[in-house]
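Taken straight from TrEMBL:
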DOMAIN    28-516  domain 'Major facilitator superfamily (MFS) profile'
TRANSMEM  26-50  transmembrane segment
TRANSMEM  65-82  transmembrane segment
TRANSMEM  94-116  transmembrane segment
TRANSMEM  122-140  transmembrane segment
TRANSMEM  152-175  transmembrane segment
TRANSMEM  190-209  transmembrane segment
TRANSMEM  306-326  transmembrane segment
TRANSMEM  404-423  transmembrane segment
TRANSMEM  429-450  transmembrane segment
TRANSMEM  462-485  transmembrane segment
TRANSMEM  491-511  transmembrane segment
Amino acid sequence: MGLDFLDNGSIFEHAITCAEFGRFHYFLLALCGLIYMNCAISVSVVSFVLPSAQCDFQLSSSDKGLLNAVPLLGMLLGAYFWGCLADMHGRKKALIAALLMDGLFSLLSSFLTFFWPFLFCRFFSGFGLSGYLGICFSYLGEFQPKIYREKVLSWLEMFWTVGVILLPLVAWGIIPMTANYAIGILRYSSWNLFLTLCSLPSILLALWLTRFPESPKFLLECGEFDEALECLKRIYTENTGEPGEAYPVRSLIENEVRCSVISIQSKRSLRSMKTVKTPKDLKNLLNEVWYQTKEMFKPPHLKNTLLTCLIQFGLTSSYYTLMMWFPELFNRFETFERQQPGVDVSVCQVSSVYIEHDGALNTVDLCGSAVGESVYTHTLWIGIACIPTSLWMPLCVHRLGAKFFLVMCLFVSGIVAAALYFVKNSLQNLILSCLFEAFSGLGISVLLCIMVDLFPTNMRVMAAAASATFGRLGSLMANITFGLLIDSHCILLIIIFSSLLIISGLLSLALPNGNDKDLD
């Protein structure tokens, strides 16, 4: 198991179980849930800016694909960086840094109306977003006894659903406003205000996170036994109201033999390195990253690493691309149906009619408040449609297993993606969009839940980051491809996304079952 403890899973499970389950865990779930809800908002926020900022930025379809792709490029490059940071210096520090980076760069971007500086800020916003999206599940999971772990992690999907519902409501309340301020060459309109408000939760959540401890499982893995014990005592006190001295576990070191092994292993951790000041520090850091990376791609972790990376590639590229383009497709349908009421047209046919007219970009009546109401109402319905699946999983995951939900979500999403070809009006498009979001979004959450059990503590976040890197790479390529092909080769896009999801479903059948497993 690499740097993992010999039989430490059972030691930790006993210690965290003795801390009991209560008030601390509810507050931690609220914090991590809000962080995950903020992920849902941050991932999709640009999709509402696309129709609204078209006149300010003079966007073509390929420009919109670039605007969607740049945050994903940041997420692609950031995923592995944050994974290394979290596995070497702690989950809490990495989470705070990632939240602040996303919040501050997103806030800066909200005041920009020049395309390339705007892209620059959205890149670093995406870089930060990839950090807390990948670490959130591991941080929450490492505080849970195994009897509650799968169910608690499953409830995060409900917070994602709330974020999907909340985003169009906020957009609907702000973007149609006629407010428009100009100072010289700078402009600040309703969509800028929308971005400003959506950037604040990341900063506030980072401040709240400072009041929570580091993961006790991570501290234990680093050989910081006293700190881990104090953390567990704090959890016990908050859950029971009893003083820390009443905590029944007196030591986390079972015997001197095990202690000596752990001490030797923990020396490989660079947690004590606060800054990289010398070439030797940098060399040690790179050696640690390389060591951790090699461990993931060697038995017994090789199979799980390859499977999760490939599944993430197919699932994430399809999900992020289609969800970021759905508001744009809704706007195209509404524009077409307003101009030609009663005419049935496929989602592929409406695209070329909407965006191009006589070879020129058609931007008439497409700015700010002119964005159709259906863009917001349809996206709102997509979020509401996720509620049943978000409730179904935490209530049934212990009985059916997370793997069942992952396989089901991938196959259903693939079938729904293929059915987009047969759409003839905006209502049919809305129904399929609701089904796609409900099952593909759930699939992403389930995969993150499964990965908490698949990998040991010392490589858990890095493994999630490696798979996320594959997913972001697919999303980046898919968004650029979507922008280039949506107006001329729509059917090819449908075939690609449907095939990716079905193949990912077949691969997920090979994943091991992890129910009731001690946390390594």
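If you go along the chain as it appears here, the first residue is 1 and each next one adds 1.
Each residue, glycine too, has its Cβ placed from N, Cα and C.
Note that this is a predicted model, so its numbers are computed, not measured.
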Q) Who are the chain neighbours of the transmembrane segment (429-450) in space, where the CB to CB distance is under 8 Å and they lie at least 6 residues beyond its ends? A) 137, 141, 150, 153-154, 156-157, 160-161, 164, 308, 311-312, 315-316, 318-319, 322-323, 326, 329-330, 333, 347, 378, 381-386, 388-390, 393, 397, 402-403, 405-406, 408-410, 412-413, 416-417, 419-420, 423, 464, 467, 501, 511, 514
Q) Restricting to the same chain and to residues at least six past its boundaries, which positions have a Cβ under 8 Å from a Cβ of the transmembrane segment (65-82)? A) 46-47, 49-50, 57, 59, 94, 98, 119, 122-135, 320-321, 324-325, 461-462, 465-466, 468-469, 472-473, 475-476, 479-484
Q: Kindly say whether the transmembrane segment (190-209) and the transmembrane segment (491-511) touch, using the definition of 3 or more Cβ pairs under 8 Å where each pair is 6 or more positions apart.
A: no
Q) Can at least 3 Cβ pairs under 8 A be found between the transmembrane segment (306-326) and the transmembrane segment (404-423), with each pair 6 or more apart in sequence? A) yes
Q.
Same chain only, please: residues at least 6 beyond the ends of the transmembrane segment (152-175) with a C-beta under 8 Å from a C-beta of the stretch. Say none if there are none.
A. 25, 29, 32-34, 36-41, 44-45, 48, 52, 136-137, 140-141, 144, 190-191, 193-194, 197-198, 368-369, 371, 373, 375-377, 379-380, 382-384, 386-387, 389-391, 393-394, 397, 402, 437, 441-442, 445-446, 448-449, 452
Q. What parts of the chain pack near the transmembrane segment (26-50), using Cβ distances under 8 Å and only residues at least 6 beyond its ends?
A. 59, 64, 67-68, 71, 95, 99, 102, 106, 122, 125, 129, 132-133, 136-137, 139-140, 143, 152, 155-156, 158-164, 166-168, 171, 175, 191, 194-195, 198, 201-202, 205, 208-209, 212, 238, 320, 323-328, 375, 379
